[in-house]
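Trainee: Okay, handing you the structure first.
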Amino acid sequence: MAEMWISMGPQHPMTHGLWTLKVKVDGETVVDTEPDLGYIHRGVEKICEARDFTQITTYCDRLCYASANTWSHSYIYAAEDLLEVEVPERAEYIRLMAIEIQRIASHLMWLGAYGPDIGNLSVMVWCLREREMMMDLLQELGGSRMHYNFPRVGGVKRDLPHGFAQRARAKLKLFLNRIQEYEALFDESTVFLVRSQGVGYAKPEEMVNHGVTGPNLRAGGVNYDIRWAHPYSVYSELDWEPPVERSSIKGADCYDRYRVRVEEMRVSASLALQALDKMPGGADTHHEPGDPMILAKAPARAPEGTTGAHHFEDSRGESMFYIAGGGESRGKQPYRVSIRSPIFITIPFAAKCMIGYKVADIPAIMGSFDPCIGETDR
Amino acid sequence: MADEGQNYSMFNSRMLVDVVGDVTDEALKASRIKDIIGVLAGRVFNWGQRKSLFPLHLGIKCCALEMAAAGASRFDAERFGVFFRSSPRQCDVLLVNGPISKKFADPIVRLWEQMPEPKWCIAMGECSISGGPYFQSYNILEGVDTIIPVDVYIPGCPPRPEALIDGFDKLRQKIIRIGAVPSDARPETEAPLIIGDE
Amino acid sequence: MGKIVPIKTQRAEADKLAAAISEIDGVEAEVAERVSGTNPRPVVLGNSSPESWRTLAEKLHSEHGVDYCSMVTGVHWPEGDEDKKWEIVYHLMRTGIRNPPIEDGLVQPVIVDPSTVRGSGTPLELELHVYLPETRTPSVDSVQDIWVGADWNEKETWDLVGIDFDGHQGMRRVLQPHETPKGFHPLQKQHHLRYHDFQDMYDDSQGFMRKPADAGKIK
Amino acid sequence: MIHMASGDWLNIVGWSESLTSWSMDNVHDILPSNDIDMQVTIPSTWAWPEPITMGPIFNLQQGFASIQPALESFMHATIMCTVVFTVMMLTMLAIPYIERKFIGRLMDRLGATTTMRSLWVGESGVTAGEWWKQLPFGMGIPIGWVVNLLNSYWGNSHELETVSRVNNRSYHGYWFLLPGFFQAFADFMKFATKEHIVPKNADKVVFETAPVIILATTIMVFAFVPFGPHIYAANPELSLLFMMAIFGVAPLGVFFAGWASNNKYTLIGGMRSAAQLTAYEIPLLITVLGVAVLSGSFNIIEIVDFQMGQNEGNVWNIFLLPLGAALFLITMIAEVERIPFDMPEAEAELVEGWWTEYGGIRWGLMFAAEYMRSYAACILFALFFLGGWEAPFQHTLAGLPIVGGTFETVFTVVPGLVWVLIKAWLLFAVFVWIRASLHRVRTDQILEFGWRYLLPLSVVNLVVATILRLEVWTGEPWDLWVPVALTLAALVLFVILAIDEDEEALEVQRRPYSTQAVVKASPGSHRD
């Protein structure tokens, strides 16, 4: 069969979002791929230059819509570095719990999208059922279902609602034994194992050079994690271990990336439970909004020449914010906000991983890298 | 439908069919049977069209996750006949759930063209109604209605799955009122239905 | 308790790296302190001249094991002082990641214990600034072949800010539509957002009267 | 009829035969006697001066005798074809209902809930007004009464009932209105009214004929499928071969559709389906051959009677050929292209596979044809392996001392058709269950699985069938140990094979199925 270019166009069930993957195909095997992004590029970095520091959190929620909280926290830590604000201890615990619950919801969204990629529709509905539980918890904290606008520069505006800790513990424990259901559907089905093992190899050194981090990297048998390498928040107070997968000789394949994310859901659930237990002032006390125990006073202006940067462990890799202060209206608005999207760097690498495999493996490989196009196109 | 591009090699008696067609049509009209069939069949086809609205499996941004949540088990849009298909040929509703950038402007118009009549467009979320939080951006169109005629607007960023299902309910009310006429034949006086403001 | 890389070892390693870099002429580096939330972090902050940037990058990659390029940021300072009109910030990292060893056909995962990490294995954060004077076509040497991660970062920087990278293969517009006019790089300060100077836009809630003349047309 | 099929009061074939022969004899008597030979004279007018007489055109009396048998069989065939087609179409409506509801339950949600009630209820308050008034001659008035009556009792005139249907998950109409059953109706009505689009540079003639091929062959399959001992459209001597031949033609239509839509995705989808169906046609035929060999005939009704007959087999084939039943199920799933063998219409990478370019009624018909093929597969499994129209344990239950009498009346009153349908529907539920729990197998793995595993297994099944038929069968019903031994052996083998964890790989934490993508992937081969 002559080689022909297929364009898996912007609207395609394989792309979790809008982007085009041009694939040169020889019969069934993939010979060459070329990603084409930018279908939902909306210039968030340019818009942020016309917004002040609290307004930007709403834009960062909408960067990667599957894990809104992790992205707004990633921005807030960079803003706190810019405005030199000391965050109270209790606020750090509340933030950590919110981030970990959001990480579970993001991985559930990934697992729900990965199932139909390989052909099983009931996984999507099961995962979204559990994700609704997590979104209920975050809705109590932030107010809306998906975009919470929850953190403030200097801490957290509202404390945990009454009875939140008891509900959160119940839901997280129920979720911990729901994971066995997914593993039964995935690990015990030979069809899934045959479809995902040995597909889409990637070696850790090669991944680091290509800029791929997070669960995709840990699938290769290396336990590198920004939360302990460049520590932030109160991960040092809690007892946790980044999950690592024993990959095959030729590198991490789709099955390893799936195993790592399922283990990471368990680690995040235990982290959230520990954060609830070790919360200074107890998880059941309730402070008024804006109480100094949860929100520190933060200056509204960043003078010219000051910069803030923060590396953050997002559910898809390392997300980073670099903010240069001193923008318009006498520094109330940043001069330049630069956003690092992990998936913007992972997609070209994943496209290279597909060469040599079958057309039917493209959704399996692409899906295992958990693409979220909102953050890619910024 | 006398489309001249036909290269049927089979017997092409276009002229005969036209003649016979007109004669029987006149006879039916005269004997009012056409009214009877028209009214009764119209009710059944209207019921059929509004009870099975297949939206396109197109996820642009955050509203796509709310669309998926609406299709999942808690809010189950399939109770109302909403079944997501991934080829535009087999869909009736183009559910636009995100900002339309300049790069995606003509692919989405091509998707709209590929859908067979009668077709409807639901603008879900602020971004597709008016560009949403990105209305100032250099790369975003201010709303889908700059390029595609929109039937139902669902405000919210993102609108809750109940609002999406209520949007489909509004579309069904529109179909029962106006009938499943092709999108270009719809009356101009059709004020856009904005949920929550009546 | 959870194990993290202790600040002391990280600062010691950062000082050693900063000293090593400062020897290259045209490059001076020192260890700065970034505080996010409660944790202070030592960061190797350096700025290099455009000419010595390429040699600095190769030395970092080969000798100092800086194997990860996180982000490349381009900033346009039209009112900045004379030789700092354009600024490119390279955010690099030393991760110390090796392929896990393979014993008798089995991969042994590398479990690094953060509290006992030493020497060249300690993860480090670098932030290198390169300043360019006022030019119509700002350009810097490309590091695409050293860190492949920087490849799409450079494409995006050229696409949005307009800073060119010499020696970069396949430079094309990645985020903007392919038919954008040649010189249009939106993040430069002379371009403004729509309704930028419509200050009274916000008191007229509908704002329909003030829509610009070309509303609705695809620009 | 070579073989007197088992007694069943619902003897449609018999009724229609007697009906046609009675009517033909009467027609023969009513006709005028043979002495009048028909002569037609056309009077003269200005065009032709003298009248035109035409000789005896056709002496109906003797002529009719010669054509009466042909006319009779033609009438009988038409009656039987329409009866079987209506039975098939009506009972097939349960198939989409089972699929939507059962997969909804497996997915923890409700699935479609449209009921006939929604015809007069309108949309949460908005109704079409007094639409019946537009009917001429006052025909609408009775319709108005009926609608108002329905609305007042079960309609939406009750204010409390217009609760928001979005959050009220229990609101889906009354159970006896079968909520969700009419979703298939609504879908088909919508397909019928969609615009017909033919892609500009598609191969128009092939694009139009492909759905016809698929639909025609699928309906032709039902000509040979007996719904009961005396309900069949045609019952040739080798009905099994006829049906299998026709069953195999539809992939040709699928390939035509894929080729004609002039779209890369559909081309790949069409090629994949052609390859997959050829890979699974042969094991399917060999398995069916095994059943025919065991039952001793190629006629489906005789196969079922062999399983039912007191003095013949009296054991269902599933207990005699358990391997054959499993193989038939797998190959049938592949034949009708359902998950896990869904690759030609793979959602994920081929958008919709070979029917991406079809919309409207053509796609609706092909969608229905796909359900018809799955329905035919389920009925065939019921006929070949589950003893067709014999109630489970029919004779043993009837023979019970006290209770036997009631069972006896039940089995005589309930026609064979009911048992066939129950078994077919339950089997379709198994199809849906498999669809809900398995992933999609890659194309090369499907083909490799077909050639490397199913083909040899079906030959083994054929050997077992021949041995059973020739050596073990002695003419009268199977003695009990044969089916029991075979089923037990099959169950033990299945359990052993199902345990596919590789202990050594598990405790060393190696991965049981690490297979290479480049090297052919097959389940159970342990390579890193």
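Every residue gets a Cβ built from N, Cα and C, even glycine.
Annotation source TrEMBL lists transmembrane segment at D:74-98, D:205-228, D:240-261, D:282-301, D:313-334, D:371-389, D:409-434, D:446-468, D:480-499.
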Trainee: Who are the chain neighbours of the transmembrane segment (D:240-261) in space, where the CB to CB distance is under 8 Å and they lie at least 6 residues beyond its ends?
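Mentor: Residues 199, 202-204, 206-207, 209-214, 217-218, 220-221, 224-225, 234, 267-271, 273-274, 277-278, 281, 284-285, 288, 292, 298-300, 303, 335, 344, 353-358, 366, 369, 373, 376, 380 contact the transmembrane segment (D:240-261) from elsewhere in the chain.
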Trainee: Per the 3+ Cβ pairs under 8 Å rule, pairs at least 6 apart in sequence, do the transmembrane segment (D:371-389) and the transmembrane segment (D:282-301) touch?
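Mentor: Per Cβ check, the transmembrane segment (D:371-389) touches the transmembrane segment (D:282-301).
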Trainee: Is it the case that the transmembrane segment (D:313-334) and the transmembrane segment (D:74-98) have 3 or more CB pairs under 8 Å, with pairs at least 6 apart in sequence?
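Mentor: By the criterion, they do not touch.
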Trainee: Please indicate, using numbers and ranges, the residues of the same chain that are 6 or more beyond the transmembrane segment (D:480-499) and have a C-beta under 8 Å from a C-beta there.
Mentor: 315, 319-323, 464, 468, 472
Trainee: Against which stretches of its own chain does the transmembrane segment (D:409-434) lie, if we need a Cβ under 8 Å and a gap of at least six residues from its ends?
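Mentor: Result: 6, 8-10, 87, 91, 94-95, 98-99, 102-103, 106, 227-229, 231, 329, 333, 338-340, 374-375, 377-379, 381-383, 386, 388-391, 394, 397-398.
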Trainee: Other than its close neighbours in sequence, what residues sit by the transmembrane segment (D:205-228), given a CB gap under 8 Å and a spacing of at least six beyond its ends?
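Mentor: For the transmembrane segment (D:205-228), the sequence-distant neighbours (Cβ-Cβ under 8 Å, at least 6 residues beyond its ends) are 8, 10, 12, 81, 84-85, 87-88, 198-199, 234-236, 239-240, 242-243, 246-247, 249-250, 252-254, 256-257, 259-261, 300-301, 304, 357-358, 362, 365-366, 368-369, 372-373, 376, 379-380, 383, 388-389, 415-417, 420-421.
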